[in-house]
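Colleague: Got a structure here, written out as structure tokens. Questions coming.
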């Protein structure tokens, strides 16, 4: 049996939470390997809605859930999320939850810097969630980060704080802000340390043991490949690598552990915040899709931008991330449309492109080339087999498969976990 790596193959918000939850029932461990609490998952299990932004989706079903070293961890946000889930009856303890002891922390000073920069950016805003993710990754790469393991050695933290605060004090001075309150920061860390340390361990070692026992591991990506710091629509991206290869470096297992790479893809396209969006719809159809799809961010509450399915982008993300098969979500949102469209190429300066150029100005200027297909009036909501789908919906799915050059493994027809059509079992591949 294979391990499975789940990634978003668009700009995030593709419905990864439902798919991961559906797969987590059969996994022995679920691992978050990048990002922070800036990307949310909404799970609906037996009529109960769970909103997660940091914890792996497997925690709801009691599966061993791990936050890997590739994640930047806000310990206060984690505590709040754990307490909220426990209030909903979810059991969280050191038997079913672990945090990498070499995981870098998001501190209040990171949130401060994030907000100051975005406020000063004016029209140049990149749409950050303001939760300190980017600045925390900067400190990680700059070798200034305070990590989970440091919480056990707070009495000897002064040299690290010197280096960290010298950097942030210089930045804060540029915004006419006072220096970091070191005593308050240290006090905050002392207060939160016992909560975090009860879950801290070398998770690479635990995962090695789990894998050696023949267990199935589910790697849960956050956001989407089009937000990858290298391969996304730069600079309108996140601060981490969101491609499947990060599952190795962000968990401590080798690249051979990734297994079946499942790319999650909406049957249309959405994006939160600024940045290029070739198929964006500003008309009544776009408004209808947004309303029917409840397109509001789990974390920020911001309304998502909506557009037609972009086969060019998904073909590109599937290639970059080595996607084995896709899970197509929210097909039911397209029910009732007379016509559906798929972007098959771009036009730019009298040239036709079968990929998205790297330069930001070119990305913003491309014009989509559409292929139109007949829609369907029948409902796809709740369908659990291909035979339950309208003929035109089947044709739409098959055409997507052809254009992105990657097979469809799953189709999701509602937020409910069991409303899923399985064509190819990722764990059996």
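The backbone N, Cα and C atoms fix where each Cβ goes, glycine too.
Positions annotated as GTP binding site by Swiss-Prot: 12-18, 40-42, 304, 330-332, 412-414. What Swiss-Prot records for 13, 14, 15, 16, 38, 39, 40, 41, 129, 143, 223, 238, 302 is IMP binding site. Among the features that Swiss-Prot reports, Mg(2+) binding site is placed at 13, 40, with the record citing sequence analysis. Under the heading active site, proton acceptor, Swiss-Prot lists 13, citing sequence analysis as support. What Swiss-Prot records for 41 is active site, proton donor, and it gives sequence analysis as the kind of evidence. According to Swiss-Prot, the feature substrate binding site maps to 298, 299, 300, 301, 302, 303, 304, an assignment based on sequence analysis.
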Colleague: How many whole Å apart are the CA atoms of the residue listed as 'active site, proton donor' and residue 15 (GTP binding site)?
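Modeller: With the alpha carbons as reference points, the distance is 8 Å.
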Colleague: Measuring CB to CB from residue 413 (GTP binding site), give everything in the same chain under 8 Å that is also at least six residues away in sequence.
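Modeller: In sequence order, 331, 332, 380, 381, 382, 383, 384, 419, 420, 421 meet the Cβ cut-off.
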Colleague: With residue 18 (GTP binding site) as the reference Cα, tell me which of the binding-site residues 129, 223, 303 is the closest one.
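Modeller: That would be 223, the closest of 129, 223, 303 to residue 18 (GTP binding site).
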Colleague: Rounded to a whole number, how many Å is the Cα of residue 40 (IMP binding site) away from the Cα of residue 12 (GTP binding site)?
Modeller: 9
Colleague: If you count the other Cβ atoms within 10 Å of each Cβ, which of the binding-site residues 38, 42 comes out on top?
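Modeller: Going through 38, 42 one by one, the largest Cβ count within 10 Å is at 38.
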Colleague: Give the helix, strand or coil assignment DSSP yields for residue 331 (GTP binding site).
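Modeller: The three-state answer is helix.
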Colleague: Translate the DSSP assignment of residue 18 (GTP binding site) into the three-state scheme.
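Modeller: Going by the DSSP assignment, residue 18 (GTP binding site) falls within a helical segment, counted as helix.
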Colleague: Of all the binding-site residues given, 129, 223, 303, which residue's CB has the most CB neighbours within 10 A?
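Modeller: Of the binding-site residues 129, 223, 303, the most buried by Cβ count within 10 Å is 223.
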Colleague: Run through 13, 42, 129, 223 for me and report the binding-site residues whose CA is within 10 Å of the CA of residue 304 (substrate binding site), in sequence order.
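Modeller: Cα within 10 Å of residue 304 (substrate binding site): 13.
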Colleague: Roughly how many Å separate the Cα of residue 42 (GTP binding site) from that of residue 129 (IMP binding site), to the nearest whole number?
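Modeller: Just about 17 Å between their Cα atoms.
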Colleague: Report the nearest neighbour of residue 12 (GTP binding site) in space among the binding-site residues 129, 223, 303, comparing Cα positions.
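Modeller: Nearest by Cα distance to residue 12 (GTP binding site): 223.
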